[in-house]
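Here is what TrEMBL records for this protein:
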BINDING   Arg20, Glu84, Arg123, Lys460  (6S)-5-formyl-5,6,7,8-tetrahydrofolate binding site
DOMAIN    219-382  domain 'TrmE-type G'
BINDING   229-234, 248-254, 273-276  GTP binding site
BINDING   Asn229, Thr248, Val250, Thr253  K(+) binding site
BINDING   Ser233, Thr254  Mg(2+) binding site
Amino acid sequence: MDVIAAIATGSAATAIGIVRVSGEGCFALCERVFRAANGRPFAGQDPRKMVFGEMLDRDGRVIDRGLAVRLPGPGSYTGEDCAEFHCHGSPVVLRELLSALFAAGARQAQAGEFTKRAFLNGRMDLTQAEAVVDLIDAETAAAARNAAAQLDGGLRRVLEPVQEELLEVTSRFYAVVDYPDEDIEDVRPEEIAAALRDAAGRLDHLLDTCRRGQVLKSGVRTAIVGRPNAGKSSLLNALAGYDRAIVTDVPGTTRDTVEESVLCGGVLLRLIDTAGIRDTEDVVEKLGVERSRQAVASAELVIVLIDGTGDITAEDREILELAQTAPHYIVADSKSDLLPPGEARVLSLPRGIREPDAYLAVSSVAPGGLRLLEAAVAKLFPAGDPGEAGSLLTDRRQEDAARRALEAVRRALEGLEAGLTPDAVLTDAEEALEALGELTGRTAKEEIVSRIFSRFCVGK
Ligand SMILES: Nc1nc2c(c(=O)[nH]1)N(C=O)[C@@H](CNc1ccc(C(=O)N[C@@H](CCC(=O)O)C(=O)O)cc1)CN2
Ligand SMILES: Nc1nc2c(ncn2[C@@H]2O[C@H](COP(=O)(O)OP(=O)(O)OP(=O)(O)O)[C@@H](O)[C@H]2O)c(=O)[nH]1
Ligand SMILES: [Mg+2]
């Protein structure tokens, strides 16, 4: 493939910046932009060993002194011949070096193209390539750990046995259907059914991880709602650890929604602080209240704050009615530091309203005032077994493909049990393989064919 080049590091001035190159013949290009201090040509540098030298611009003038490394394929990231230049991290220097590489015959790499080549060259499957993006975008240490384990093949290792079983099933059926005259061992329905059942079980187990995977990667969309002055913005600030939103003792301070991602009980919450909900004639506040309602409609978790220093009012009850429409809701009495300890309020819910997932007290100012909330959130979105890292489904595309695979396996199984002909069962098993292929990028067709022929006698 042609030679691609790109700045691999950020766009701001940094201590060190890296330009990377990949593709057949890239060492000859590097020769034109780098003069090693050891006097050896680039192609003659030791593999994977940093060498000091001068970086040259397109007119051969020195623009930096730094380190370069030659990374011969196939044992490189992309599987091709690669090289890296570690310069001083000035955006100008990096761009000059890049354009020198373009002048020497490289072209700008597209987004993700290095990793795409790694995939195309069989260095990783699609689940691993996606893990690279997840790792770079990870917002929490737990999400990074999961992505790192997926990059190490965690998800691939879960899917491989399922693919193996389905390949075995389909190739057997094919052999029998397409080559009836060959002396091939017959399809044994009980064996096939056992394999399909096992595949279904594994996929089922995998699909159980979707919710945890999505919480881990994308977090939980959470709206904080309540009457004006209940302490919503204070709670957002306390969870964020800095003064994100304006707090005053004037009811109606927050007019628009304010968003911030926070860690609460080890769970990434995408918090939306909202305008206090009340009947108002103020035009701006009215619009804000409308947005609060929208935030509830789009939230997975709603935290209803009730001012702990006052009684529960009719307005609070209306807000509870709204909140219970969300998949999860927690009710919290605020400002618990202002109350005498020990006297827990009993929440009397309006008729017909679902029990909240938790009812507790919070203080946004007292040390440890959020402990109960953190515990409730952690319980609502359990982290799962640490050994599970890397083998969770973390996005909708993956989930959708795994679900289609499972449905097809189930259909195959039903067909088999109903005594359908092999070719009917085959269609479903192949569909399952295809769906798994979308997940891993492994195309089944060729593998099926080679397996069919491996059943033939040697010399045939
Ligand atoms: N400077 C630099 N840092 C980087 C990368 C890079 O390309 N350059 N990476 C990329 O974005 C990531 C690391 N990924 C890599 C994965 C495999 C190989 C590699 O050469 N693998 C060989 C040899 C492994 C070994 O010695 O055991 C192989 O698997 O055959 C290199 C980088 C993160 N850090
Ligand atoms: N002592 C104490 N005061 C609090 C606590 N939480 C909020 N307050 C006070 O209550 C008042 C209102 O707090 P905000 O966080 O602005 O309330 P809000 O719900 O965002 O109000 P609106 O934006 O007007 O809807 C402020 O004076 C806060 O300092 C708390 O946990 N303890
Ligand atoms: Mg507010």
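Using the three backbone atoms N, Cα and C, a Cβ is placed for every residue, glycine included.
There are 24 other Cβ atoms within 10 Å of the Cβ belonging to Arg20 ((6S)-5-formyl-5,6,7,8-tetrahydrofolate binding site).
Asn229 (GTP binding site) has its Cα within 10 Å of the Cα of none of the binding-site residues Arg20, Glu84, Arg123. Annotated pair Thr254 (GTP binding site) and Glu84 ((6S)-5-formyl-5,6,7,8-tetrahydrofolate binding site), C-alpha to C-alpha distance, rounded: 50 Å. Remark: of the binding-site residues Val250, Ala275, the most isolated position is Val250 (fewest other Cβ atoms within 10 Å of its Cβ). Glu84 ((6S)-5-formyl-5,6,7,8-tetrahydrofolate binding site) carries a strand DSSP state (E or B).
The average pLDDT computed for the domain 'TrmE-type G' (219-382) is 93.
Annotation note: Arg20 ((6S)-5-formyl-5,6,7,8-tetrahydrofolate binding site) sits in a strand segment as assigned by DSSP.
Proximity of the binding-site residues (Arg20, Glu84, Arg123, Ser233) to ligand 2: a Cβ under 6 Å from the molecule is found for Ser233. Counting in whole angstrom, Ser233 (Mg(2+) binding site) lies 9 from Thr253 (K(+) binding site) by their C-alpha atoms.
In this structure, the CA atom of Arg20 ((6S)-5-formyl-5,6,7,8-tetrahydrofolate binding site) is 48 Å away from the CA atom of Lys232 (GTP binding site).
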